[in-house]
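Novice: One structure, as structure tokens, below. Some questions next.
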Amino acid sequence: MGDVNQSVASDFILVGLFSHSGSRQLLFSLVAVMFVIGLLGNTVLLFLIRVDSRLHTPMYFLLSQLSLFDIGCPMVTIPKMASDFLRGEGATSYGGGAAQIFFLTLMGVAEGVLLVLMSYDRYVAVCQPLQYPVLMRRQVCLLMMGSSWVVGVLNASIQTSITLHFPYCASRIVDHFFCEVPALLKLSCADTCAYEMALSTSGVLILMLPLSLIATSYGHVLQAVLSMRSEEARHKAVTTCSSHITVVGLFYGAAVFMYMVPCAYHSPQQDNVVSLFYSLVTPTLNPLIYSLRNPEVWMALVKVLSRAGLRQMC
């Protein structure tokens, strides 16, 4: 109990992403620019889905939730990292570390569930178009959204409580730019082997099972697309689904490396790069992937800009 109390009273010292780089100012500038681009991109996408009635469909409702997660995930880590860099220190309180673990895990797991639901939406739209209005009615969409949040909260609560239950009575220096479960477990003076094994095992349920469901959904979609006679319908289906598959590959690839590959097989520098990838790079790319390849989003943006231009002229 004394060890636990000592842990509560102490701060963690985050080494930070920029300590491993010679050109710290340049890397900081790149991270800051990506953060702003991602924040603006996801905010604009949320706004367009909100104001354009043509985007009031199940697919865009789920996409708006993805944008919400992609706004929240970088907000948990990047402002704190930037503040530490500008102040020249990396101390974070025990409560602050717990908050980072909880909210990042919540949004990461919830986004993983959401990607499965988005693949189901595309499966129904392409393979069962006549039943789409029933299978993807508003109540079902709200249930999908709620389930992703519930699964995220439950998983985050369990992981945070177990991780912070271990005593951290040795080094308080976290070789990472935010408090994350794998990085903290390396500092514990207790035996964490069983929990690390449980993390890898749970990765099968949290990561590999959803990934297999997504692959199955898009396998059926691919079969249906190849049998389509209309070139326009085939092109639209391929464009939409390829965007989803790109997002899935970026998100799950980084998550599998971080949480299913044993810590002994990757260095802290690799952990920093991979964590930056799913906490900043992927949320920044997602709105670009969906908007650049989606004519409906472009039309909504043009419509909003046209209205703004007409108001200024009047």
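The backbone N, Cα and C atoms fix where each Cβ goes, glycine too.
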Novice: From the topology recorded by Swiss-Prot, do L17 and R293 fall on the same side of the membrane?
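Specialist: No, Swiss-Prot places L17 and R293 on opposite sides of the membrane.
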Novice: When DSSP states are grouped into helix, strand and coil, how many residues of the topological domain 'Extracellular' (80-100) land in each?
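Specialist: Taking the topological domain 'Extracellular' (80-100) as a whole: 15 helix, 2 strand, 4 coil.
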Novice: By DSSP, what is the split of the topological domain 'Extracellular' (159-195) into helix, strand and coil residues?
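Specialist: Output for the topological domain 'Extracellular' (159-195) reads 15 helix, 2 strand, 20 coil.
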Novice: Can you give the mean pLDDT for the topological domain 'Cytoplasmic' (50-57), rounded to a whole number?
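Specialist: When the pLDDT values over the topological domain 'Cytoplasmic' (50-57) are averaged, the result is 91.
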Novice: How many helix, strand and coil residues does the topological domain 'Cytoplasmic' (50-57) contain under DSSP?
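Specialist: Per-class counts: 5 helix, 0 strand, 3 coil.
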